[in-house]
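For reference, TrEMBL has these:
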- 789-799: compositional bias 'Low complexity' (COMPBIAS)
- 13-150: domain 'P5B-type ATPase N-terminal' (DOMAIN)
- 276-382: domain 'P-type ATPase A' (DOMAIN)
- 29-46: transmembrane segment (TRANSMEM)
- 203-225: transmembrane segment (TRANSMEM)
- 231-251: transmembrane segment (TRANSMEM)
- 399-420: transmembrane segment (TRANSMEM)
- 432-455: transmembrane segment (TRANSMEM)
- 916-934: transmembrane segment (TRANSMEM)
- 954-972: transmembrane segment (TRANSMEM)
- 984-1010: transmembrane segment (TRANSMEM)
- 1038-1059: transmembrane segment (TRANSMEM)
- 1071-1094: transmembrane segment (TRANSMEM)
- 1106-1125: transmembrane segment (TRANSMEM)
Amino acid sequence: MTLSLQQHISIDDSQMVVYGYRRTRWRTILVHIFTVLTVGIPALVFHWYPTWFLYMTCVRCSFQVADQVLIVETYQKKCKSYYIHKIRHKNIEDTSGLFNEGFDVEPGDDKRNFETADAIHTPIHLDDGSTLNVQNYRYFRHKKQSIIWDAGRAQWVRLAGIEAGATCAQLHARGAIAPTSEKRIRMLNIYGLNEIKVPVQSIFTLILLEVFNPFYVFQFFTIAVWLAEPYYYYCIAVVLMSTFGVATSVIQTKKNQESLRATVEAHSTVRLWDGRVVATRAVCPGDVVLLPARGCTLHFDALLLTGTAVLNESMLTGESVPVGKTALLRVDKPFDMKEHAASILFCGTRVIQTRYYNNEPVRALVLRTGYNTSKGQLVRSILYPVPADFKFDRDSYKFIIILAGIAACGLAYTVALKAYRALTPSDIVLKALDIITIVIPPALPAAMTVGRLYAVARLASARVACLNTRAVNVTGSLDCMCFDKTGTLTEDGLDMWGVVPVSAATDPPMLGRPQRDPALINDLHDLKMGMAVCHSLTLLDGELAGDPLDLKMFESTGWLLEEPDVPEPSNYEVLTPTIVRPKKTANINVDDIHMPLELGIVQQYQFVSSLQRSSVVVRMLGEDVLRVYCKGAPEMITTLCRLETVPNNLSDVLASYAEKGYRVIAMSTRIMEATLKQIHKMTREEAERDLEFLGLVIMENRLKAATTGIIRELKEANIHVVMITGDNVHTAVSVAKECGILASGERIVQLSGDAAALYCESTLHGAPVGRRTLLQREWRSEDSGRGSWGQSGSASGSGFAPNDPEAPASEPRYKIVVTGDTWRILREHYPDMVGRVVERGAVFARMSSDQKQQLIVEYQALGYYVGMCGDGANDCGALRAAHCGVSLSEAESSVAASFTARELSAAPRLLREGRAALATSFGLFKFMVGYSLTEFFSVAFLYYFDSNLTDFQFLYIDIALIVNFAFFFGMTEAHSGKLCERPPLTSLLGLVPLCSLVGQLSLIAVAQYFGYYALTFFPWYVRHTYAGEEENECWENYVIFAISMFQYVIMAIVFSHGAPHRRSILSNRKFVASLLVMTSLCVYIAVSPAAWVASFLQLRMPKDVLLCYLVLAITAANFVVALLFERLVIEYLMEGREMIPKFLKEKRVRKTPHLMLKRQLTDMDYLDCDSLVKFDKEGAISDASSGRGS
């Protein structure tokens, strides 16, 4: 037997490593004793770091003897998450804990003998297609899924539905017999109740979880220290703020949990094939259910065995277009969820109607239940979102550690100073702990959320919903934006432009002249009949419903669609015929008998994105043969057609229409001598072969009015714009040119080929450039430090400094176009070239949903912050993987995105608000850190004189100044002008923010020292000496407090940056009013406060008013120098002009893959010719000679 100590598992986008652990009694006892002796402090640490408790109480062991597992989950090779689960044991015959509803067998109900092994045999289906035939097994639950131990192979495997590893014929056979009650109980025991339960925690639990957050634990420590001082007033203020923060968080969390539960959880009843009506909670995989003729919501994933169904799948696709489903063919072929999606009824979708012969009920086989269903996977993605990885957040935690280090230095300083002054140990401890509470500001987390919340509110007013407030700041860092085409850049609807039939008068066949109105074509023309029957339309309450493309195409023919209530199987030999016929009477001659022209659809093969086609089998009334009509992507249809039927001019005609932005669909046909039974046993591939090419259907897809302006705005902001679409590559390129993703003067490099070799073909202004070149499997990386960016002359007006390593001085004038097939080959056989292709990629066509997600991940691997904007249909994976997903659909599928909107204009609006929020967060963070360190300087300075700030002075600073300014700081709106080429900084530990903070704090320290220095010149000044714990009233206290008051106002002003990411501080009237009021109040307190004010603040006013004016002069000088330093040195020189040491720029470039790649690019990449300039001229001449120009 193999002993397994760890195992690698890949689920969705995450890579997991599973380790086995076994708890030891003596370790556990020692840990509990130590916890009791240390007043529960280790328990608190174990709550924050559960893995520490595992390491302390358990030993690493093989899975065979383990009772716990540790899962280390890595997402995109960056974020790590840790999970600990107990290993459980289950006996599939043990029904304890399960309710019996729907499983009680009434006397005489189940007469079948199930003593046979087949009747009660219940294999456990695993994710890899294998089965486990055991009575007892071990498992653990991870993210609502069961992971089962396969003892034979000594590995963990995820529990799957009954379709795993089965063929279509096997599933039909399973659905032909209703399972026995005994088998149903076993299946229910394996899979659990059919529920998608969203955990809703009690208020008490939520409060405890919030209170034990490290931040609030630190606040408890802070309050304890202040009560010992005693600082009662500020303690009350902190307790009130903390209570408000905890209450707000708990209420919001509770509301979100209840809202999600109300949206997700649903129960009803369902009728089984054996006649019993059971609750949907009692349904298990393997059940055969009967679907009503009209109206029901599915609570499980099921396979349609008989008849047809029409569903609303908006929960999954984001499109509330009725979708037709057909029964699964009984063929001996492996079942695949994607390939056979046209026969699968997904959980959460609504059945609009079902149809079957003689109105008999439609049968469906339950495949998956609970969290294993498609809806369950969607809910799991909400409960367990993608780990956030944002540099600003990481650096903020690092900065807290730096502050903790400063606090430790302050503690040492305080202990040494107070011990030297011979204070009592209790006083020394209190003073030392007090300075720790000053350095780390308790209000920091609350202040950091302010900017995001104001941005979210502004987005909501613009009808952009934010589902994840953390994503707002990330949006401000985006430097790559990916767009879906159809429904995102272009209008949702398609208009019929016309058709191009194959001319019957030419040999070899050629595409003839286009016909703008398909209704004028002869009704007996195969192309017109194909357009009339090759679709999945149905009648709902007498109205045609279905895919908009199919609807436009059918309506253009002028034919009628009928679904007789009582079909005549003798006419079409089919149980559920859909009949189409011309509106006008049309007859055909069959054996000299005039019969009406009618076509009955006897079999449908739904559209599958991976196959890029759909087809139908029809019978014409009176004929003995069957006709197959197949439509789809022209490049796919041509591979299925007989070579002699493919027009010679197809490539030229196809390119001419696609380049104009039209959507082109090819139509083909075939005549078969087969019976209906033979058709049902025939695979799709057997039916869709040896076809005859009929012609092209041309659909018009217009750009949205705002698209071009939005793309231009993004590109001018130096954002890499990419189109990712499932449409034809020629159409995609045309739309990209029209909207500006591809500039008119850019060379277009298209990659094509097969696994043996990929080739690069370049065009410029539509004309070929150079020769067809072979794509190298490895690129020779030669970094000269400048590469193709050596010509810095063109960068002079771009805002970049000369010789800037990051300046896009002479960016190569070419873009790469890739198709889905090429992308697959590129990733499999050219892995070293993927990064280079992606860096210059602009159009990715014929991309599947999985490939879209792969592309997003590749851009992230290059160091881009990636945004994805899609219509929510097949973009969910990409929306979820992107740093910022924007769904233009408000259906439930939009939960995969961070934002939902209705208009494409949300993209630049999001960038503006995100950049404003990020700039606000930066300013607020620096303000809060500056505030805490300023207060630290003040206290440390006063400690030297055996004094301190008084309780009400602390209260005035913390509440009247800091909380006040932090509240209004984020109200400054986003900049309404042109998007800046540079996004805000993302690193708090970079040179620019550190210089800003260090510079401002240096000015603050100098100003405070000058204030004290000025005080020493007055003859009446006497140094303060220790006179007791509460005796802090002295002239040193006055000077430090008076100057520091104004310094908090100064920091609020200088850290509140305006353009290019936020509007001017003057536009924030509430903030300006707050600043003016508090400045006036500070002047009043510093110069001539009323006696009761001075007494309240315990201020010892100077004997000479000149000192008061000197304080004002020092603070005024501090303000002027601080403002000049921040605006001129930090903003203009360091941020704007990039005047920072070159080695730091070089370090950033070398740490960012896409910047390193740009250095290696030249204008001659992927081009085999002597001179690009030469071919530029030739291209222009050829264009001019053809009358097109450039």
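From the backbone N, Cα and C atoms, a Cβ is placed for every residue, glycine too.
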Sequence-remote partners of the transmembrane segment (954-972) [C-beta within less than 8 Å, at least six residues beyond its ends]: 231, 233-234, 237, 241, 441, 443, 446-447, 450-451, 453-455, 916-917, 920, 923-924, 927-928, 931, 935, 1044-1045, 1048-1049, 1052, 1056, 1058, 1062-1065, 1067-1068, 1070-1071, 1074-1075, 1078, 1081, 1097
Leading stretch by Cβ pairs under 8 Å, where the reference is the transmembrane segment (1071-1094) and the options are 29-46, 399-420, 432-455, 1038-1059, 1106-1125: 1038-1059
Per Cβ pairs under 8 Å, the stretch of 29-46, 432-455, 984-1010, 1106-1125 packing most closely against the transmembrane segment (1038-1059): 1106-1125
Non-local residues, at least 6 beyond the ends, that sit with Cβ under 8 Å of the transmembrane segment (231-251): 203, 206-207, 210-211, 216, 219, 222-223, 442-443, 445-446, 951-952, 954-955, 958-959, 963
Mean of the pLDDT scores, which run from 0 to 100, over the domain 'P5B-type ATPase N-terminal' (13-150): 82
